[in-house]
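*Asks:* Shown below is the structure under consideration.
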Amino acid sequence: EFCSSLAGIMLLEVFLVLGTLLIYFLFSKKKEETLPFKDGWWGKGQKPVTQEDTSVRPFKVETTEEELSDLFRRLDQARFTEPLENSCFHYGTNSMHLRKVVSYWKNQFNWKKQVEILNKYPQFKTKIQGIDIHFVHVKPPRLPEGQAAKPLLMVHGWPGSFYEFYKIIPLLTDPASHGLGDEHIFEVICPSIPGYGFSEAPHKKDFNSVSAASVFYELMLRLGFNEFYTQGGDWGWLICTNLAQIAPNHVKGLHLNMASVSKLGLTHLLSVLLGRYFPGLFGFQDEDVRRMFPFLKKGLYRILSESGYAHIQATKPDTVGCGLNDSPVGLAAYILEKFSSWTDMEFQNLEDGGLERKFSLDDLLTNVMIYWVSGCIVSSMRFYKENLQKGIGTQKHEKLTVQVPTGIASFPNEILHTPQAWAKKKYTNIVSFHFMPRGGHFAAFEEPELLAKDILQFVGKVEKEQLWKKK
Amino acid sequence: NTISCLPRSFEYSQKNAVLVPAAALGVGGMLLYWLRSGRKIKTIDMGDGWWGSGERPLKGKEDESIRPFKIETSDKEIEDLHRRLDHFRFTPHVEGAAFHYGFNSSYLRKVVAYWRNQFDWRKQVEVLNKYPHFHTTIEGIDIHFIHVKPSYVPHGRAVQPLLMVHGWPGSFYEFYKIIPLLTEPARHGLNEGDVVFEVICPSIPGYGFSEAPHQKGFDSIATARIFHKLMNRLGFKEYYLQGGDWGSRITTNMAQMLPQSVKGLHLNGVFMGKQGLGRMICIMLGAYVPWLVGLSREDARLFYPFMQKNVYDILRESGYLHIQATKPDTAGCGLNDSPVGLAAYILEKFSTWTDKSFLHKDDGGLESKYSLDELLTNVMIYWMTSSIVSSMRYYKENFSKDPNLNAYSGYGIYVPTGVAAFPQEIIHTPRVWAKDVYRNIISYSYMPRGGHFAAFEEPKLLAQDIMQFVRKVEQL
């Protein structure tokens, strides 16, 4: 009884405090300051006194017989565990289907041919802040008289790679040949995030999205670009956002196929509870409601059931990645599971996880091979820890807004839907926001044409505004 | 008018003669009902199950034979292991990582070198076979267990049957050091007292040498039922239970299912679900005035600072739980194919869950409490039986049904319960809260040292606590 009357007083105090906080947050404005550039040294040991080598060296992906026979040996000796009866992809990657994938991998997948495909675009390496940064740089094959190519930095995420952009690159560097009109032509730069693919992994702690953004900023400057566009999804979303916050005068436009908001407050809570019934009150459109509700199923439950990987990678990356760097089958199971559920959550109900409905096995395995031959799975997972270990919503860049013109392509099967009403609190200058008709998380990989069209119309709008509006 | 003329006293007494007994009966009846319903213990329905492949056979009775079993190995197995160890692909850790990013890969290299060159699996198999092993088929799957009887029983002394259940990522092997202390206490310098045990350690289905369920839905209730059937098949009507980790949950369910068979329940880890607003407020107050909310000083020391010890630490340590409870087949796939990956994953727990400060050490403090031989033998059990994936599925089966792990707490546990609270256990549950669910705690001990793997790390301390608990129960 004593507890309950004391409880009553405490409750009252708690509500008073909450009420004050609510008023404060409703009326406070987010700061408009820039994010400071994050310098660093990520190489092994001490930073040398001598000046860093800033040369840009051509690079080609290579493979050896030894590499291939080692891979085949591991595939042959893979130890599978029988799935539970009727479990489809509900327990994760179904090992019956995995066996088929492995059989294809061993007998039909031609890595040498895929390496040639990877090498069809010029690749380079250059040392920045102590580590080698790998990137693809594709210039347009032809340019109409008097037109300059617009530089576009495209950043991948996890468990993707620069390879995700191979189908969209020609649509952006040579749109005319693909029926897309040639008003805007791009030269595309796709780097690998440090710790991913052929970019060297940082040897020091603390390499987070702001570090990656700073490194890519240096890269663009080194390549001679003073103004450029950026595009990204997954980690690419965050890195490009940070880049726009660090150097708003250099980023002409920011295009995203995923726009999460991590600074959640009471208004978000209220809109989740009431938004289905009063969408207009919270700025929700019909499509927002369709994608977000019922919230328990499409929001909370989905977050819980799909974020186990993020939780363990953000806390024990070296543990969880260890076995995956030693077992190609384990690596494939881990990565392909995402290409199933993040393309369409319903694919979990299929025995084959719907893997080949939107992608070819060659494409999927090429991406897995990039992780395998570079041995980067552990370092790729560390990025989660470096970004998330202090908790979500606690970092400086999460509290700052973005004033750079922003375009958002919102794909229906993205893991979580962010309505424009929420996105515009962070991205204060949204120039275009479109609900895409189909597609999931790996937009560039799955729906390159849709994404390219959206990028083109966005850039079109920005260029038009730039002409008469000075920053 | 004749009615109204009746004298008042007559009316009263007639009314009273009827009303008072009626009222007394009514109140008495309600009182009896309330008392009985309060007393009436809700038990978990035993139910039934089938976990074999395909459909349950309609005809024929299940083979109830108990078949002796010996663990075996072969050159082929060992060579395959060695080959994989030799070809392990190692990733350097970031500078200054210690165990903060998970298992330190430099130290892992040393462990692998020992495993490849010094660890003798054939010798360890002999060690494993020193206790008698058996298999028996229950609900369609083969259940493995060891059964150790005391070699010498003093005249007239009763031998108490004791079922000890392991957890994840442990195994029946965790009990190998404590078994002799329980079957032959006098020989090991423990209080001769009057307590001697015969110990049964099964492997949870899906773990070690117990067959993995082929059907979905195999949770701790199913396990509890199967273990009751096992004890019954071995001829025991009443027995003691001991467990930590999943073993704690399974033995708790067993006590809730058939309390009449459980003489006593001893736990070295009490995991309770979330409790609500009242609990939150008591938590907040307890940091400042623990006595006010029933927490002892030791409770306060172990439980606070709350955010640090309970929220942050749990978030930091529960990634494995989250992925295993949602995507076990994905998480375990690579681990069943890479012995080094499996070792890193499992041994990380033997580091952090033994002592949280081990996170700061380059070698994770592993060899300060355990020998590499012991640790690797446990890992080998998972490797040789290919049971890592099925062991992880247990998380999904249990958490999907019961995300808060309430352990049917509405039902309560009324059998005599003993709790050994080890200081480095992942979460500390104070007695005052444990009492909400375990309604008959007759012994609650703050152990002086030790962590999650109590039987493995501090067998003597745990054995002593079990014995003093059982002595108390026997005296009741």
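The backbone N, Cα and C atoms fix where each Cβ goes, and this holds for glycine too.
Sharing the record's features from TrEMBL:
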{"type": "ACT_SITE", "residues": "A:Asp234", "note": "active site, nucleophile"}
{"type": "ACT_SITE", "residues": "A:Tyr384", "note": "active site, proton donor"}
{"type": "ACT_SITE", "residues": "A:His441", "note": "active site, proton acceptor"}
{"type": "DOMAIN", "residues": "A:56-165", "note": "domain 'Epoxide hydrolase N-terminal'"}
{"type": "TRANSMEM", "residues": "A:6-27", "note": "transmembrane segment"}
*Asks:* Please report how many Å separate the Cα atom of the residue listed as 'active site, proton acceptor' from that of A:Asp234 (active site, nucleophile), as a whole number.
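*Replies:* The residue listed as 'active site, proton acceptor' and A:Asp234 (active site, nucleophile) have their Cα atoms 8 Å apart.
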*Asks:* Return the residues near A:Tyr384 (active site, proton donor), defined as same-chain residues 6+ apart in sequence whose C-beta is under 8 angstroms from its C-beta, sorted by sequence, else 'none'.
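*Replies:* Counting only residues 6 or more apart in sequence, the Cβ neighbours of A:Tyr384 (active site, proton donor) under 8 Å are A:Trp158, A:Ala310, A:Gln313, A:Ala314, A:Pro317.
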*Asks:* Please list, for the domain 'Epoxide hydrolase N-terminal' (A:56-165), how many residues fall into helix, strand and coil according to DSSP.
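*Replies:* DSSP classes over the domain 'Epoxide hydrolase N-terminal' (A:56-165) add up to 37 helix, 24 strand, 49 coil.
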*Asks:* Across the domain 'Epoxide hydrolase N-terminal' (A:56-165), what is the average pLDDT of the model, as a whole number?
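*Replies:* Overall, the domain 'Epoxide hydrolase N-terminal' (A:56-165) comes to a mean pLDDT of 96.
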*Asks:* Going along the chain, which residues six or more apart from the residue listed as 'active site, nucleophile' have their CB under 8 A from its CB?
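*Replies:* In sequence order, A:His156, A:Gly157, A:Trp158, A:Gly160, A:Met258, A:His441 meet the Cβ cut-off.
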